[in-house]
Amino acid sequence: MTWRSPLAVVRDAWRSQRAREKDLRNLVSNLPYEGLEKAKQPNRYFPGNAIKTTKYTLLLFIPMNLFEQFHRLANLYFVGLAILNFIPVVNAFQPEVALIPICVILSLTALKDAWEDFRRYQSDRKLNNTPCLIYSRKEEQFTERRWKDVRVGDFVKVFSNEIIPADLLLLHTSDPNRVCLIETANLDGETNLKQRRVVPGLCTMDPEFDPESFNGVVVCEKPNNNLNHFKCYVESPDKEKVGAGIESLLLRGCTVRNTDHAVGFVVYAGHETKSMLNNNGSRYKRSRLERRLNIDVFFCLILLFTMCLIGAVGHFVWLQALPSVPPYLVPDSKGHLDSPALSGFYMFFTMIILLQVLIPISLYVSIELVKVGQIFFITNDIDLYDEETDSRMQCRALNITEDLGQIQYIFSDKTGTLTENKMVFRRCSIMGNEYPHKENAIRLNILEEAESEDEVLFNQRPQPSQTGWSLDAEDTKPGDKHHHPGIQRKSKVSGNAKGDVAFSSPLETEVIPDRKLLQQISRPEFRIGSRQEKEPYMDFFLALAICNTVVVSMATAQRRRGSWFMPSSSTNNPLDTMSTWMKRASRIFTCWRRKPKQKRAEDSVIEEDHFNASVIREETEDVNGLQTCSLHALSQFKKPALTSDNVRYEAESPDEAALVYAAKAYGFTLLARTPDSVTVRLPSGEDLVFEVLDTLAFDSNRKRMSVLVRHPKTGEYVLYTKGADYAIMELLGTPYAEHLSGSQKNIAAETQYFLDCYAKEGLRTLCITKKVVSDKEFESWSVSRRKALAAIEKREELVMDTAVQLETNLSLLGATGIEDRLQESVPDTILALREAGIQVWVLTGDKPETAVNIGYACRLLEEEDLVINMSCKNKLNCTSILDCTLEEVRRYSADPRNVDTTPDISLVIDGRTLAMALSSDLQSRFVDLARRCRSVLCCRVTPLQKSKVVKVVREKLKVMTLAVGDGANDVNMIQAADIGVGISGQEGMQAVMASDFAISRFKHLRKLLLVHGHWCYSRLANMIIYFFYKNVAYVNLLFWYQFFCGFSGTAMIDYWLMIFFNLFFTSVPPIMFGIMDKDVSAEILMGVPELYRTGQGSGEYTFSTFWISILDAFYQSLVCFFIPYLAYQDSDIDVFTFGTPLNTISLFTILLHLSIEIKSWTVVHWAIMLGSVALYFIVTLAYSAICITCNPPSNPYWILQSQMADPIFYLICIITTVVALLPRYMFHVLRNSITPSPLLQARCLDRLNSCERDLFIKEWRGFRGGGYVKRSRLSTPPSPTLETPMDNSPQSPSASDILEDEFVLNVITENYQGPGHTKDSLVT
């Protein structure tokens, strides 16, 4: 190795720093420079691929760890006191003894940090030495190296099921379609396969890729942690630029699936990869209790300085009052004595050393231990375990558990959080004709009935021979015609939870075609008739099949990876096997009531009705041996080589999966997708291969996605678009397309009417459109598109502009209505949270009608509520509504007749109005109105608006907030709240990774807050108060003694016993108290949610409770000191003989004080309390027996043994302890007898047996009527902008004009009084 001057090293480091900080990087291949020294490598300024997540090194561990620990001011304070004790003129103890407590604390913390860092080192070493293939120019092939050898500019080859070692720009794959499928579960938790494609124009069709032929320059952006965006272009030697994005980037940590091999160019390595930039570790937050604790520590510090000042002044006065120099004041070597003033000054520091325990050194360590114990019990709670996903509660932030007991506002997402995020295709409208799919509704009702009896197993579909789907309208019961989202459904039927593919349960994949629509597309004239008649229907289903990002794979191409779940079919438990066969047998003998005239085709799979519509029911057997069935349109020409059963779809969102499966049910089967083409099989059996020219991806601003294809038959450029109704309708001109004429205008108006009906029914709506693009328009647009994709600066804006440029003058084909079912127990959970004093806000991107319907279903809104609907087009209108409504609410609250009542007000506001309300001049008024509402529902909001709402409420009202969500769009909201809760749903783990706590179901939030939150806060608050009391009570014994020893800083208790007292004798009981104490049982806390209110606001840890405990500590210390002092007055005992009873009495008093505070006693409590007393006597007796010259000139030899032989010792201990604790005991007795708290009343319920307790809670809740306030009404505020609720949709055609049978939408009737209807509402 050649020697380099320090100047050269500094220069290279400076250049490396400049190269890394540039916004753009120019990367070239390392192959031409292989074998040269590092100074000649073009990419030498960029870091290698080796990672290091450790914090320490072996040589620098001690100084670095001490530096880390001294960031905590308490450690610095105690180390300073220990050092101060080495100064002879101020020392109070033996210097070595004073170092013991802080050394023990620092050593334990250092051992913990060393163990954690060693585990990180082992993980890094294993990862860095993982083998991989890197191309070598010398060997002219890919050679095996290690991950740590990968550098920016290398060519890396990865095989199927291998993990990608660095961020690679995809240049070649073994797939003929130039795609590579990857699984990103290690990054975002999503198990669905993502499709990555080779950089356009760089891949040759040769089976083997030659890296030496790559001579371009890769220009990419500076590394960032955005997993969804990447800007890059490849510049060839002739200066031609080819743009590439995230669709061509293989991220480190992802796994290659279903692709034999892929070759990529390393653009980011090591700590600059996106996965490492997202690896931030555990989040650190300071809880409200911790902030309050720091204030009280400051008060204790003031108290300590006051006591030390008293000691210094007292010593000065005592020295001044001496008539002569006493013999025990020894002068220095020169015979000089310090003046009283100087001695008093020194005594101030001596007293600080003596009374230092007033600041609890072990409190912080005890709090950490208590929180670890609390987290252990939370994560192992069986009620927070979800059997379907085999997931349990996760605590990602380890230091804010107590904040769970102080939540006042909850902000929740809707989709995937309150709902299952399992989309079920329910209805559709094509060219103004509505198709209700009542046959599919019957199937769903059957599934619900089977669920209620626990008869549906995973991966099992309804048996056709037993269920007997009825396609006759006469079989439909009246109750089946109306869909109520509020019905609770068990999650067992959610289906394929244990499979590899999300959104693939029978509930989501099986769609029974609508009879009328099936008849329409099955008519002979549809297949061979006029193009005008068939085209809209064909285009509608083609749009459903094409306009998505669904990855198609064969069902036989299973991913080879270890399963996280035990397959249900492989169990060896005979009881499970017997139970399974019993359930199968019960289903065999279960049949559904049929019409007498209906035939039962046992042997045939084809049934025909009087409409002559052909339906195929195919029966197959899955891997578990369970029979499955599917219905779809009968194909005239069926190719046995490739059937729809061989196709498996992997969607990134449940909406896309539902639409693709709906198209498949009608015979429009998506067979294959490549970056350049998509293949769809028609009902006739013909395969159409569409050339994909571009995909305009969905984004939160446009609220839509489009696919531009070339039609294989006509050769036309066709743009299929799907998106939110309001976004699509705007592209037609106006919401009702007034610029259109004739039938087109009627189609738009009728479709809008059906959309409103779907929304009122609680369905998620999408509009489907088509546009034929002319050749000239396409050529002009494609040039702009290529420029936008190759741009680096403002790339997102340019790409969006090109998308908006093309998505104009669309032709409306129809609309779809998809149901997202409520999760189990959501209404009960929201009701319990509201009764607990928590205001629940729901922030969703759905349209108001859909959100309001779900709001009623989940009991966020009640039928008797006054609903304020705010939807304003301008700020003046918004200001007027806010002022009028707020004035009315304030006037109601000011009325003396309404002192004990609260209005049942709910606020519904859309995103546009919310943006105006959150402006600086209206923000305070909006928050004032919102805090007076029982619930708030925000619709059409963006992710940024969600986070802004949380920040505004938290900062304006100074309340504790909690945000809960399941998707990437909820991350901002989760991070803005005091506590973020992520739900590990079907949309990946982005929300979980950004959260403080993770749950699998919304219902788990109830027990997490009402039970564990209450326990954690109550335990920790009482433990902290007890810690302060314990230390003050013990230290004051030393303080009172100073009045009788001339304030000389002398202690009447041996130094070692003083240290042992806090480290061993009294340290474990409060920790046990903070982990295991239960003031109320979980059953009572769940049954009486109002008990949660005791922790909200300041809760149990208040300014008054802190100072009452301090005063009580002063009183007890006075009693514990002066009763023994008076008893031993005028006796000849020595100082340690006097201090030993004080130490023993203090132990009994402090432990019995804790016994009074403990609410529930267990064997662990008894063992620890008695063990602490036994440990004290064993250690003290042993120390007194062996310590002969430990503390000269006075020594505690045989003192406790002598004391225990004296009856006065026992009498003093008993009397003193009783007198010390009597006021606290009497206070508890009187308070609990005269004004019992709600928690005390709840503890009384705990003493009842379970039947009596449940009956009492039921009667009590019935007496209160489910609420604690009187119902009230508000008059409508007078405003010219207010109007009565009415349907703003145009006059709709009659039901008979829209539908040809008797099945009608329940939301169309004028007398509809469903969940979406409120008689008292305020509309703007």
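For all residues, glycine too, the Cβ spot is worked out from N, Cα and C.
Curation does not apply to TrEMBL; its annotations are automatic.
Under the heading domain 'P-type ATPase N-terminal', TrEMBL lists 41-97. If you look up TrEMBL, you'll see 73-91, 97-115, 293-321, 341-365, 537-557, 1023-1043, 1055-1076, 1106-1128, 1135-1154, 1166-1188, 1208-1227 marked as transmembrane segment. The ATP binding site annotation in TrEMBL covers ASP413, LYS414, THR415, GLU656, PHE698, LYS722, ARG764, THR844, GLY845, ASP846, ARG940, LYS946, ASN969, ASP970. Annotated domain 'P-type ATPase C-terminal' per TrEMBL: 992-1236, in sequence order.
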Whole-number Å value of the largest CA-CA distance among ASP413, LYS414, THR415, GLU656, PHE698, LYS722, ARG764, THR844, GLY845, ASP846, ARG940, LYS946, ASN969, ASP970, listed as ATP-binding: 25
Whether the transmembrane segment (97-115) meets the transmembrane segment (1055-1076): three or more C-beta pairs under 8 angstroms: yes
Residue among binding-site residues ARG764, ARG940 with least C-beta crowding, 10 angstrom cut-off: ARG940
Lowest local Cβ density among THR415, ASN969, which the record lists as binding-site residues, within 10 Å: ASN969
Counts by DSSP class (helix H/G/I, strand E/B, coil) across the domain 'P-type ATPase N-terminal' (41-97): 24 helix, 0 strand, 33 coil
Tertiary contacts of the transmembrane segment (537-557) (same chain, 6+ residues out, Cβ under 8 Å): 181, 192-195, 258, 428, 430-431, 520-521, 526, 645-652, 656-657, 659-660, 662-664, 666, 668-673, 678, 680, 682, 688, 690, 695, 697, 705-707, 709, 718, 720-722, 768-770, 813-814, 816
Under 8 Å by Cβ from PHE698 (ATP binding site), same chain, sequence gap 6 or more: ARG704, MET705, GLY723
Least buried by Cβ count (within 10 Å) of the binding-site residues ASP413, GLY845: GLY845
Leading contact stretch, 341-365, 1135-1154, 1166-1188, 1208-1227 vs the transmembrane segment (1023-1043) - CB distance under 8 Å: 341-365
Interface present between the transmembrane segment (1055-1076) and the transmembrane segment (1106-1128) (three or more C-beta pairs under 8 A): no
Segment-segment contact (the transmembrane segment (1166-1188); the transmembrane segment (1055-1076)) at 3 or more Cβ pairs under 8 Å: yes
Cβ-Cβ under 8 Å with the transmembrane segment (341-365): same-chain residues at least 6 beyond its ends: 72, 74, 77-78, 81, 84-85, 87, 89-93, 98, 101-102, 105, 108-109, 293, 297, 300-301, 303-305, 307-309, 311-313, 315-316, 319, 1024, 1027-1028, 1030-1032, 1034-1035, 1038-1039, 1042, 1047-1049, 1051, 1058, 1062-1063, 1067
Mean predicted confidence [pLDDT] for the domain 'P-type ATPase N-terminal' (41-97): 85
